[in-house]
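For reference, the structure discussed in these notes is given below.
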Amino acid sequence: MLQAQALTKRVTTAAGTLTILSEVSLQVSAGDSLAITGASGSGKSTLLGILAGLDQPSSGSVILHQHDLTALSEEKRARVRAEHVGFVFQSFQLLPGLTALENVMMPLELHGVDNARGKAEFFLTRVGLNDRLQHYPQQLSGGEQQRVAIARAFASEPDILFADEPTGNLDSTTGAHVIDLLFELNREHNTTLVLVTHEQRLAERCRQRVSLEGGKVVERRPCEAA
Amino acid sequence: MLPLRLLWRNWRSGEVRILAGALILAVAVVSCISMFTDRLDTALTAQSHTFLGADRVVRSSQPRPPEWQPLADKYQLGTATTIRFNSMVYSGDNMHLASVKAVSAAYPLLGELTISEQPFATDPEKISVAAGGPPAGQAWVDSRLLPLLDVSLGEEVVVGEKPLTITRVIIDEPDRGSNFSAFGARLMMNESDLAATRVIQPGSRVRYSWLLSGPENTLRSMLAELKPLLSPHERIVDVESAQQGLAKTLDTGRKFLMLSAMISVLLAGVAIAIAARRFAQRHVDQVALMKSLGAGCNKIRRLYAVQLLVLSLAASLIGLLLGSGLQALVAASVSSLFPVQLAAPGWTSLLPGLLTGIVCLVFFVAPPLWHLPTVPPIKILRRELAVSSVHYYWQAFLGLLAMIFLVVLFSRDWWLSGSIVLAIIALLVLVAAFATLLLGLGRQLGRRAGSVWRLALSGLQRNAQQSVVQMMVFGLAIMLLLSLTSLRTTLLEDWQLQLPSGTPNHFLMNIATDEVPQITAMMAQRDLEPQHMFPMVRGRLTHINGQEPTDEIRQRAEMLRREVNLSWTDTMSSDNKIVAGDWWDGWHERGVYGVSVEEQTAQDLGLELGDDLQFSLGGLRLEARVASIRSLKWDSMNPNFFFLLSPGALDDFSPTYLTSVYLPPEQKLFINQLLGAFPTVVVIEMDRVIAQIQAIVAQVSAGVELMLWLVVLGGFFVMWAAVSASMESRMQEAALLRALGSSRQRLLGSLWIEFSLLGFFSGVMAAVGAEILLLSIQYWVLDIPLRFHWQVWLLGIAGSALLIGLLGVISCRKVIHTPPGRMLREIA
Ligand SMILES: Nc1ncnc2c1ncn2[C@@H]1O[C@H](COP(=O)(O)OP(=O)(O)OP(=O)(O)O)[C@@H](O)[C@H]1O
Ligand SMILES: [Mg+2]
């Protein structure tokens, strides 16, 4: 499903060239789950961005669902994302001007999916927010907002879902609910999961784990499924 | 479909409202003005045409060569002929030197010849519009000819050798104009009877007019062919030359309206640009999100382009409707006061409004949004990533470009646009320089100031760049508002002075010396106040410095070929101005009379102070020396003379008297009584002309007034946009300060100070800019005397400090009255 080969990311700053990622390789098969852990500043988000095709590595390659992302233009990568990829972010990234329902409908509308409203309502109901459809993000708690974001991610029925610290802004109880939800949907739709976290509990529920430090993989182990 | 849905959601969340509002305003203002001036133009042209009785008139002292007519026929133009001369008309023993006008059947081509069967009729029921001139064998005459000849309708008068039956009286004829030389009562007859009168002999003074009407283009082509055939005696008269005074007023008015249109478009443009910039900033995250969700750059570009296109289209449409509504309102409010109907605006007058919408879209909306689709998708994970945006310089440059484009579109007045561009550049440079200085100074002061002031000053400094940009925007808006307000006052005063209510609207001429006291008494009985009684003698200028005028001068100065009116007075009318030499109190040459000459006449005749003139007055000689040269206002409706002599000069020449008087409409019948009692007096009725001029001036004034309010609205939009653009960061700061325990009063105080300071500085610079702009506009564009504008400084500085302080505090009040906790959450 997802295969990364010797990913390196360098950036040039005023202070000189900085290597954020070096020689990171990994592989995730369909329906599997991967946790990326590491200290703050270790390069987790950078790696996630490259794996999802949001950014380009300085060298190395990423093959996602038979598409070599590093060889594609941004326009083509966008198409790959549209077809196969979903996202959940630490800061939810809901549009403040749209209701919960409209937020979930947005990607569906963007891709011209039929019956966007029906699908959005279905997934919002699935995450337990059927009575909050017309509420704006401002009127929702953090956990509720993240559930809306999860509904949005799953509504377009992606093959692979990337999540950058999905529980980072939530308290542990709420975080646990959100994680349960993620894994339930993962099972129901056979979605591949790639998530960044520094929560041990969350990392342990993934079947695979890589740990970063200073941009290098320092630990890698397949976990037993919980 | 999707772009529309997105647009609707953006509208709902208030993000495009300022944008839409400013766009609507710009389009509304421009379309309102272009429709309004279009209607005024049409009205003026139509009115002037009816004064001419045609679209063009070819005047000549010779009969028309026969080869001209086929030319008019070729172009299918309407034609008519009038032939005017003075001739004795008789009835029994009575005779009168009448002003005869022989007309062809098609006369008049434009305008209305109104007639009646009742002498001196004023009742509209009794007055009808003639379908053409009088039939052969008949004469239509001025009512006053009847008592003069002691005849009544149906009786005969004799012109030369031809008897004619009087069948109607003439109430009004379109091309009578304000011709002072028309002493005699009018007698109108058919052209075909002319030969039988045998009055026209070689050497008779006859004026032939060939009236032409038709579509403008055709007329032009025909006249282009005709021109080479014209001799020096023949002259083409068009509308412009027929009504210069009014044309000038209207032209100034139009310039002002165009100026305000441009200014409000500019203001709206700045508001649009600010709003668009803010829109772009707020949409960076949304674009990054959509990209992460798989929307490509092109798709996003398309999404936003369609949204903006639809928004602009809708706004333009609303703007057009609003604009036409507004101009209809102005027109209606004026026509309820004056009996003038304006034609409906032409379709082409919608064009400038639509173009404005497009210009705004291209120059103000598009640039700030240009980079939006290129936001990298990784922005969604890395919030701190800088996103490229159009630089302010670019936007300012594009704004100026748009301005120039608009000027070309509307007025093509390079002095005007030059003045504005100059003032704007001066203002921007000034702001940039001062702002840097002031902010530095503020830092020094801030250290020593009390805590509220420190808070305010540090607020200004923290957002130094933003403060400078805001100062520029406020300064610009206030400068333009100040200039416009003050220009409007100047203009309105100027026009009010030109034709105040109570302006004399009737001229009485040919009053004999012994009739003066009787007529004065008769007017006094009716509470009418005649102006000064000017003595008047007709004479011909024969010699300049003892020489007969050269042929060259003769060619230039028509007055040498006829008699002119001479007068004397010791007090000069208020609208006359000495441009060279002295009035009588400063003129002390003994043994010779002085003469004051009108400026243009002096120029035509090549006269200078001290030149000796010789006049022939009915065979008697009068000599006078040029003592002064005067400018005067022909459109002031006061009696005016080319030559005014020093007191006593005309004592030996049995003068007749001339005066003017204001007759209110309800006193109109006084004319009949006056003419009944003094049949030789000539009355020239200017009331219709004056009422129409006043109506048009009132129209323009109302337009100017409305425009000012629209521009104020534009200025308000700009300030609102600028204040709201900085609102987010301010809210964040304020909420943080509140959370950290700043009291509400302290925060409020610092907000007041911060915004008022901003307003104060902007006001100072705006006043400087406005003064520059005003002086240059007065000097180069409107050609009115230079005046210093102290109100601008007072109003500009105090007003803007107060206004912007208020605006800032009002828009920040939310911060102050919401609990800090909630505030932080809403911002995050
Ligand atoms: N474009 C860039 N320019 C400069 N530095 C960068 C850039 N991108 C990433 N970095 C730096 O690379 C390092 C890794 O960043 P990254 O966001 O991937 O860390 P992270 O592991 O996600 O940290 P956190 O847990 O705090 O989110 C950081 O020190 C960051 O400042
Ligand atoms: Mg991170």
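Every residue number used here counts from 1 along the chain in the order it is shown.
Including glycine, each Cβ sits where the backbone N, Cα and C put it.
Feature annotation from TrEMBL assigns transmembrane segment to B:256-276, B:308-330, B:350-370, B:391-410, B:416-441, B:468-487, B:706-726, B:747-780, B:792-816. Annotated domain 'ABC3 transporter permease C-terminal' per TrEMBL: B:261-372, B:707-820, in sequence order.
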Secondary structure content of the domain 'ABC3 transporter permease C-terminal' (B:707-820), with strand meaning DSSP E or B: 100 helix, 0 strand, 14 coil
Short question: which residues 6 or more past the ends of the transmembrane segment (B:468-487) have a Cβ under 8 Å from it? 256, 259-260, 263, 266-267, 270, 274, 392, 423-424, 427-428, 430-432, 435-436, 439, 707-708, 711-712, 714-715, 718-719, 722-723, 726, 758-759, 761-763, 765-767, 769-770, 773-774, 777, 782, 789, 791-792, 795-796, 799-800, 804
I need to check the long-range neighbours of the transmembrane segment (B:391-410): which residues 6 or more away from its ends have a CB within less than 8 Å of a CB in the stretch? 30, 34, 258, 261-262, 265-266, 269-270, 273, 277, 352, 355-356, 359-360, 362-364, 367-368, 416-417, 420-421, 424, 428, 469
By DSSP, what is the split of the domain 'ABC3 transporter permease C-terminal' (B:261-372) into helix, strand and coil residues? 95 helix, 0 strand, 17 coil
For the domain 'ABC3 transporter permease C-terminal' (B:707-820), what is the mean per-residue pLDDT, to the nearest integer? 79
